[in-house]
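**Q** Dumping the structure here so I can ask a few things about it.
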Amino acid sequence: MRMKLVGVGGATAMAALRVATGAGNWFSALALGVTLLKCLLIPTYHSTDFEVHRNWLAITHSLPISQWYYEATSEWTLDYPPFFAWFEYALSHVAKYFDQEMLNVHNLNYSSSRTLLFQRFSVIFTDALFVYAVYECCKCIEGKKAGKELTEKPKFILSALLLWNFGLLIVDHIHFQYNGFLSGLMLLSIARLFQKRHMEGAFLFAVLLHFKHIYLYVAPAYGIYLLRSYCFTANKPDGSIRWNSFSFVRLISLGLIVFLVSALSLGPFLALNQLPQVFSRLFPFKRGLCHAYWAPNFWALYSALDKVLSVIGLDDKRFGSAVPAHSPSLSDSLGHPYLHSDRHLGPRGFLRCLILCALSSFMFGWHVHEKAILLAVLPMSLLSVGKAGDASIFLILTTTGHYSLFPLLFTAPELPIKILLMLLFTIYSISSLKTLFRKEKPLFNWMETFYLLGLGPLEVFCEFVFPFTSWKLKYPFIPLLLTSVYCAVGITYAWFKLYVSALSDPPVGKTKKQ
C-alpha cells in the first residue's frame, strides 16, 4: 500500500512538473512535487527521534526555563542549544491544539494519530525555509552555459538535487528529524556570502550554531573567509592580501554579531548560573569513539582492521592504544588547505573549504552519526553543477553517503520505498550531470564505476541473502559491518579527491574591492 501511494505521489509530482514547466514556473513545481511526496510519507515508520522531539515539546511547554536542561524523566534529555529549545517551545503552542497529551512530560513514548500528524507536518512546514534557501542558492551559481532544454540548465539540476535530496527525504520525513530547516539556514548563509552580503551571512550562521552545535565543524571556514574577504577590503593584482587594507571596524562589527546572538541564546542560562549544565548536555564526551552503527568514516576502517587483526591473532595493544583522543584542531586543519595561504579563492573557494571541514570532521570526528554526511552532501550539490571534476566527487560522495543511511530504515514496509527513492535520485543525478558535462571526459573511471555498481550486490546480500543464512543468529551485525566498511571506502576516496582538488584550485585573479 505504501509503495502504491509513493508511486501515485511520483506520478502526481511529475504531472505538476509538466503543467508548471509549461507555464515557466518550474521551481514551484519542483517544490510542490516534493511536498506532495513528503505528505505521502506521513504514515511510514519513524524512529526514536520522534519520541525525542515529542519529549522536548513537553519539556519546553510544561516546565520553566530553569528546568529545561535538568529535566531527566525521559532518557531523551534536551541536548540541543537554546535556540532549538525555543523552537520546540514555539511549536508546542501549536501542538496543544492537536493533542494536549503529547505535552505531558510524564507521558513517555506517547503516540496518537494527531501527534503523528502534527510532528510530521511541523517538519514539512518548516522546510519552507529550505525551499527559499535553495531558491537563493540558484541565483548564485554560474555553472556551465545553459542548454536549450530546461532540464539541462544548471539551476534546474541544482534545484532538483537539493529539493529532492534522497538523504533529507528519508532522514527527515521517514526517520524523523528537522535537518531541512537547519540546512536551509546554512544554505541561506552561504548564498548571502556569495551575494557579498557578509553581515547577513555571518548573522545567519551565528543563529544556526545556536540551533544545532554540529555546525561548529564548519565554523573555521566561515571565520577564515570572513576575515579574508570582509575584514581585508582590498587585494593585490595577484590575488594576495593587501595587508594595510585591514578594517578593525568590520572585525568589530562581525564580533558584535556573534556576541549579540550568543548573548540572546545563552544569556538567560548565564543569569541562572546554568551554563556548565547546558554545556554538559551539548558536549557529552563520555560517549565512545564510534556510534552503535559505525558511521562510514576512517574509524570504521580502523575498527574493522583492528577486529581482523585480533581474529587472525595479530592483535597488538600498542596498535589499539594508538587511537588519538579527538581534537577539533585535527579536523579543522584537515579541512583547511588554505589555512597558511594568503590566496583569495572567492566564494567558491570558501564553499570548497566548508565542505572539506564538514567531510574531514565526519571522517575523523568523535562519536559521529551516519546522518552527519548530509552536512557535506548538500553544499557539495552547489559545486557539482560548476565543474566536471566536482560533479564526479559529488556523485561518488552522494551515492555512497546515501546508501550508508539505509540501516536507518530497517522495517520491511520501508525497504521498497528506500530502494526506489534512492534509485530514482541516483539515476537522475548521474544522468543530469552527465548531460551537463557531456562534452568533457567521463565523470567516472572504470574503478569508480565498478565500486558504485558494487552497492547493488551488497544490498542484495544484506537484505535478501543474509537473513536466510545460518550466520544471522550468530553474527547479526555482519550487514551493518559490511555496509559501514564498504561505504567508508567510497567516502574516504571522495574526501581525498576533494582535498586534492582544493589544493590545486587556482586562486581568483585580479579582484575588486570586496
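Glycine too: its Cβ is placed from the backbone N, Cα and C atoms.
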**Q** Which range is it, out of 35-57, 58-80, 311-333, 449-471, that shows up in TrEMBL as transmembrane segment?
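**A** Going through 35-57, 58-80, 311-333, 449-471 one by one, TrEMBL gives transmembrane segment for 449-471.
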**Q** Counting a contact as 3 or more Cβ pairs under 8 Å, with residues at least 6 apart in sequence, do the transmembrane segment (349-366) and the transmembrane segment (156-176) touch?
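**A** No, these stretches are not in contact.
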**Q** Counting only pairs 6 or more apart in sequence, are there at least 3 Cβ pairs under 8 Å between the transmembrane segment (156-176) and the transmembrane segment (477-496)?
**A** no
**Q** Compare 202-227, 373-397, 449-471, 477-496 by their Cβ pairs under 8 Å to the transmembrane segment (248-272) and return the stretch that comes out on top.
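**A** Comparing 202-227, 373-397, 449-471, 477-496: 202-227 has the most Cβ pairs near the transmembrane segment (248-272).
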